[in-house]
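Asker: For reference, the structure I am asking about is given below.
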Amino acid sequence: MPFVGSNEYDLLVIGGGSGGLACAKEAADHGKKVAIMDYVVPSPRGTSWGLGGTCVNVGCIPKKLMHHAALLGGALEDAHHYGWDVAPSAPHNWQQMATAVQNHVKSLNWGHRVQLQERNVKYFNIQGSFVDDHTVRGFTKAGKETLVTADYIVLATGGRPRYPDDVEGAMEYGITSDDLFWLKESPGKTLVVGASYVSLECAGFLTGFGLDATVMMRSIPLRGFDQQMALLVTDYMESHGTKFLKHCTMKKLEKLENKRLQVTWHNHKAGREETDIFDTVMWAIGRVPETRRLNLEKVGVTLHPDSQKILVDASEATSVAHIYAIGDITEGRPELTPTAIMAGKLLARRLFGRSTELMDYDNVATTVFTPLEYGCVGLSEEEAERRYGQEGIEVYHAYYKPLEFTVAEKDSSQCYIKMVCLRGRDQRILGLHFLGPNAGEVIQGFSLGIKCGATYSQMKRTVGIHPTSAEEVTKLWITKRSGLPATVTGC
Amino acid sequence: MADKNPPATEGEAKKEDTPQNLYRMNGSEETPESYDYDLIIIGGGSGGLAAAKEAAKYGKKIMVLDFVTPTPLGNRWGLGGTCVNVGCIPKKLMHQAALLGQALQDSRMYGWQVEEQVKHNWERMTEAVQSYIGSLNWGYRVALRENKVTYENAFGEFVGPHKIKATNIKGKEKFFTAERFLIATGERPRYLGIPGDKEYCISSDDLFSLPYCPGKTLVVGASYVALECAGFLAGIGLDVTVMVRSILLRGFDQDMANKIGDHMEEHGIKFIKQFVPVKIEQIEEGMPGRLRVVAQSTDGQETIEGEYNTVLLAIGRDSCTRKIGLETVGVKINEKTGKIPVNDEEQTSVPYIYAIGDILEGKLELTPVAIQAGRLLARRLYAGSNVKCDYDNVPTTVFTPMEYGACGLSEEKAIEKFGEENIEVYHSYFWPLEWTIPSRDNNKCYAKIVCNVKDNERVVGFHVLGPNAGEVTQGFAAALKCGLTKEQLDSTIGIHPVCAEVFTTLSVTKRSGGSILQAGC
C-alpha cells in the first residue's frame, strides 16, 4: 500500500505523450494532485521537440499532414480531368510545407501546456529516473536537481527509432522519423530502410512530393499485418513511382565530398554488393522502448528480456505494486495513440475513481497511411486460418473502383476489400481489411460493428450509401473459396 | 415452371395485332394461359435492373422495358435510370470536381506551387462525366444480354390483365404478356406550374449534360437535390443563389439541415428565404441566355426580381405512375402523390404486380434501397427465399459542400418516438486534421448521436457533418444494425488521426449545455 499523505503528489506521470497526458489529465479531473515529467533527448542529429510525445511531434500528426500534402499533389492531376485549368503537376516546396506542419505541431505543444495548466497539473521539463520506488529525480537543462515523490507512478516514456548497430556510418549520416518531419530543407533523393509502416508511409509521401524515394527491405513488408494486403500496398507504391530494393541489407554509409551519401548494401537475391548515391538515408527499422534511462533496476520493475519493454498485467500494473506503465513501452500492447490514451484514462479512473473497467485490446482498428491507404480491424487471414483452419473460415473479397477514380482515369488495381468470417450459420466477422482512399474513415464504423459481434448476414442487411467506396463492404458476396473473379462493378 | 412455348425471337409479339385480338385483350375477359415472359419489368433503373439480373440467375424469362420521356428541353439518356444518368453518379462526380477546387486552394498551403486563380472548364467536366455515364449505359446493355434478359427501349403501359403495350420512340407498338410484372418507373422532376417554367428553366434532368456552362444560377428548392447542385455549382466558381419557400431538407434532422445551410452561406452561396418564383421571362436567348425571375414572398407582401443565366428547379419529384395504365389493371395508387402503396413483400393491390424503388409510398427514395428490394423480391419469387427488405436504419448521405451522413432517427423524430426525457444526445464539433494547415472551417464539422436511455443507451440516430461523410457513416450503419450502444462506442478505440474517431470519444450531452468547441489533438 502506498503511503498516503507523505508523498508530494498523488500521481506522477513520467512521459508527456498520448498516454501520459491522458492519464494525468484524467487524474486531475478526479481532483488529484498530479505532476508530469516530459523530456526529449535530442536525436543524434540534434532534433528535439515540445510537449506531446511521439504522436504529436514525430508521429501520427506530422505524418498524416505530409501524407495529405502528397495526396493533394495527386488531386492536382485529378483536377485537370474534372475541368480545372491547372497544369497536371506543379512543383512542391518542402520548406513551405514543413514550416506549416511544424507550426501546427507547435500549436499543439502549446495547447497541451495550456490543458495541463488549466487542471493544475505540474509540468516538469526534466528527464526522470528512479531514486526509490516513490521518488524520481531529474535534472533541468540548467543542471538543477529536482526530486518528485508520488503515491502512484505511471511510466509512459514511449519509444524512439532504432539505429542499426552493424552498419558503418549509420548514426553519423542517417536520420530517422524523429528528424524527417523537422527538416528545414527537402531530403532530396532518399533511401528509407525498413519494411515497417513508418518506412512505407514516409517513402510514400516523399514520392508524392516528386522526390526520388527508395525503400530497402530485408524481407517482407508490414510484418504482422495481413500479407496479401501488405503486398497490394507495396504493389501500388511500386506502380506509382516508389522504388523498392527487396531482399537487401545495408552494409555502410559514407559521406562524399559534395555532402551526398554513398550507400552500399548486399543484394541477397542477386548475391552481390550494390551501391548508389543518395541525399538522405532514413532508418525505419523499428523502435526501442525508452526504458534504459529510468533506472528501473533500482526499483525492481521487470522488463521483457528480448524487447526490453515493461511487463504489465491487465490492469497496466508493473511488477511493483504502485508503479504502472502504459503506451508504447508496455509489452504485448499495440503501439497506437488511441490505445495509450484510453489505457491512461481508464487507469486513472481505476486508481482515483471507482471504476474497475479494464482495457480491451482486442479488435483495435488501425490504418496505414500509405499512398493507397490500408485500414483494418480484427484478424488477418493468416491468423484466422491459424486459429480456425482454412475450412473453418470464409473469406469474402472484392476489387472495386472508387467512383472518383473514373473521371480522373486513375488506376484502381489495388483497391480491394476482404472480410474474414467464421464459417457456419452465423458467419461472425473475424477481420475486415480495406485498401483504398479514406481507409480510416471507412473502417472506424465497421470496427464498431465488430465490437457488437457483427456477422456477415447483418452486413448484408445493411443498406449501402451510394455512391461511396465503403458501401462495397456491405455488398461483398464473392468468396475466395468459390474461385470466382473478384472484380465488382460499382453501379 | 415448364416453358410451354418455344422461345420467341427477341421482342416480337406472339399474337397478331388484329382488331379482334386487341378488343378481347382490352376487355380482359380471359388471360392467356402461357405467357411470353415470367416477369416483365417496367423501368430500367437501379431497382428494375437489379431485379432483372437476379431473376435471370434462376433461369427465368425476363424482359426489361426502359424509356426516357424527353425533358421539356428535349433531353434524353440511356439505360440505367435516374441514379446512373441524372442522379447519384453525375452528382457525385460534379461534387468531386467542386471538392477538387477546394483541394487546389488547400494545396498551396501545403507547398504546392499552384496559381491563385484557377478557372474551371464546364464543358471538359461534363464531357468526362457523360463519357463515364455512357460506359455505364453500355455496361448495363451488355449485362442484360449476358444474363439473357430481353431489353426493349420502349414505353410500357398496361392494356389488360397480364398484358402490356410497348411503344418505342418512333411510335411502333408491340404487345407482351407475362405471369408477373414489376413496376420500377421511378420519378421525374416537378415543375412549378408558373409562366415560363417549362420553356426556360432546367432541372437536374438537364443539368448534368448541359452543353454550356450555366453561369449565374438560381436554384429553386430546398431539397437535397437543390442544395447539392447549388453546392457544386458554387464550388466550380459560379454565382449561385438558392430560393427557398420554407425550411431546408424537409424530413431530415433540422439541426443538421441548418448547419448545412449556414456553411453554404458562409462560403458564398446566397439564400433567398420564404420566396417562390411566380414568373420566368427570357431577356435574351443564348447558351446560357439571360432570364428574369419574378418572385413573391410566401406571405404575399413582397415581390422581387432577379436576373440569372440559368434557373434550376429542384422542388421535388413526381412518380411516373399516371400514364402507365395502372387503372386498367386495377393497381391502386395514392391519387394525391402518385405513389404506389405495397405490402412488405412489395406487392401492389394486384397480386401479380409488384413495385419497387422511388415510386413506393412511405419508402426511402434511394438507389441501394431499390436495388436491395429488387434483388430480394426476385429471390422470393424464384429462389424460395422469404427474406424481406429491411427498411430500418437505412443510411444516407447528402453531398453538399459540407457533407452530411445520417443513419436512423433525427433528433426530432427520436423525441417524438421516445419522449425528450428518454433520449440523450451526445455531440461534438471536430476539426479534420487536414483543414488545420489551410486554417479552414474550425469548429464547423459536427458529430451527433441520439441514444435511447431506456434501452441501454442504444444509438437510435447517427449524424455526421464533415468530409467523407458517406465513408464515415457506412460502417456505423452496420453497427446500428447490430444494436450499437453508447457504452460500446465508448469502449471502442478510435483510429488516429481520422474524423470518424470523434464518435468514440463523445462525452458532452446537449442536455448539459457543455461546450463542445474543440482545441486539437
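Glycine is no exception: its Cβ is also placed from the backbone N, Cα and C atoms.
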Asker: In TrEMBL, the NAD(+) site includes A:Gly194, A:Ala195, A:Ser196, A:Tyr197, A:Val198, A:Ser199, A:Leu200, A:Glu201. Which of A:Gly111, A:Gly271, A:Gly286, A:Gly300 does it also list there?
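Answerer: Candidate in the recorded NAD(+) site: A:Gly286.
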Asker: Any same-chain residues 6+ apart from A:Gly286 (NAD(+) binding site) with CB under 8 Å of its CB? Would you list them in sequence order, or say none?
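Answerer: Residues satisfying the criterion: A:Pro161, A:Arg162, A:Gly194, A:Ser196.
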Asker: I'd like the number of other C-beta atoms within 10 A of the C-beta of A:Gly194 (NAD(+) binding site), please.
Answerer: 25
Asker: Relative to the Cα of A:Leu200 (NAD(+) binding site), which of the recorded positions A:Cys55, A:Lys64, A:Asp328 have a Cα no more than 10 Å away?
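Answerer: Passing the 10 Å Cα cut: none.
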Asker: Would you mind reading off the Cα separation of A:His466 (active site, proton acceptor) from A:Lys64 (FAD binding site), to the nearest angstrom?
Answerer: 27
Asker: If you count Cβ atoms within 10 Å of the Cβ of A:Leu200 (NAD(+) binding site), leaving out that atom itself, what do you get?
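Answerer: Around A:Leu200 (NAD(+) binding site), other Cβ atoms within 10 Å: 28.
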Asker: Work out the three-state DSSP category of A:Cys60 (disulfide bond).
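Answerer: Assignment for A:Cys60 (disulfide bond) reads helix.
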Asker: From the DSSP assignment alone, can you count helix, strand and coil residues within the domain 'Pyridine nucleotide-disulphide oxidoreductase dimerisation' (A:364-475)?
Answerer: 40 helix, 31 strand, 41 coil
Asker: If you run the three-state DSSP split on A:Asp328 (FAD binding site), which class comes out?
Answerer: helix
Asker: What residue among the recorded positions A:Lys64, A:His466 has the most other CB atoms lying within 10 A of its CB?
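Answerer: Result for the most crowded candidate: A:His466.
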